[in-house]
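Below is one structure, written out as structure tokens, with a few remarks after it.
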Amino acid sequence: MVGHQQCTLEQDTRDHGTSRSWRKAVHCVLYEAPLSEWPKNPESFLSSKGARKTLTAPAPFADETSCQCQAPHEKLTIAQARLGTPVDRPVRVYADGIFDLFHSGHARALMQAKTLFPNSYLLVGVCSDDLTHKFKGFTVMNEAERYEALRHCRYVDEVIRDAPWTLTPEFLEKHKIDFVAHDDIPYSSAGSDDVYKHIKEAGMFVPTQRTEGISTSDIITRIVRDYDVYARRNLQRGYTAKELNVSFINEKKYRFQNQVDKMKEKVKNVEERSKEFVNRVEEKSHDLIQKWEEKSREFIGNFLELFGPDGAWKQMFQERSSRMLQALSPKQSPVSSPTRSRSPSRSPSPTFSWLPNKTSPPSSPKAASASISSMSEGDEDEK
């Protein structure tokens, strides 16, 4: 088998979203089986044969891979590529850029490039620091960091380091590139109004859409705009003023501002806690008031039951007062006492007729003296 075909087939199994025709080609070429033996469930068949269904390693570098593109490479049109490529290879799509501070806008552009055709193999070229600083400007990430960022993007099949600023026919032929994907806005640089002009004229350019609201320049603008905030942040995280290129005065200012922010945060926390405490006290007081109202209503009801017009205390007082009146007012004694049966051995007890009537007390002092004189006369008669 030709080296180019073997390499591209093996590497394209990294993308588990390929079409049925391409999976047939993988099965036929790699496992030397006829098309009639293609199973109904190709994914399980490929996994049983050891083909990779998911990504388990970063994309390889072009200069480190063992693949040597030596097979004849027929030129394709965009219509042919969209209808389906020959079974012996995928469409090789190339996308290049700086990819500084790799973000979602970069990833979406690569996703579009990867999904332009049913079967595609995405090569991504990353320009070096020298070319970038010369034609575009200084970068935040160095070239090694940018290379590694691209290798770990799920849509990338191969990374080309030190990619050229302007694509040459020799470069396109070396990497067997079918189409170049980039946004359609003219990219003026290196003395040209559009560095992709000759690619467009050759019918090899496929446009992608930019993602609005996100770009490397926008991210850098945010950092520059809020420079003090990020400088204070990194000072607080342990970076030195020398590492941040901050002067002595600014360092002291930032540290003082950090202390002020901490105090504000503490005050804010105290306020929140005090609000929570007040809320708890209000809830408790509300519960206490409700309980007090319930208890007070119960107390008033019990008080009325005891001391009201028809209360139990009035009835009890009336009963006790009637008992006291009965005890204070003696009963009427009979006029003559019944004669007791006398024992034969004893003399009859004398009857004391002179005793005063208990039920009729003397009505006046004169009557009292008269009764006393009569009592004395009776005593003399007995003697």
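From the backbone N, Cα and C atoms, a Cβ is placed for every residue, glycine too.
These come from TrEMBL:
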type     : residues : note
DOMAIN   : 94-222   : domain 'Cytidyltransferase-like'
COILED   : 253-280  : coiled coil
REGION   : 323-383  : region 'Disordered'
COMPBIAS : 333-353  : compositional bias 'Low complexity'
COMPBIAS : 365-376  : compositional bias 'Low complexity'
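In the predicted structure, the coiled coil (253-280) carries a mean pLDDT of 84. Per DSSP, the secondary structure of the domain 'Cytidyltransferase-like' (94-222) breaks down as 45 helix, 26 strand, 58 coil.
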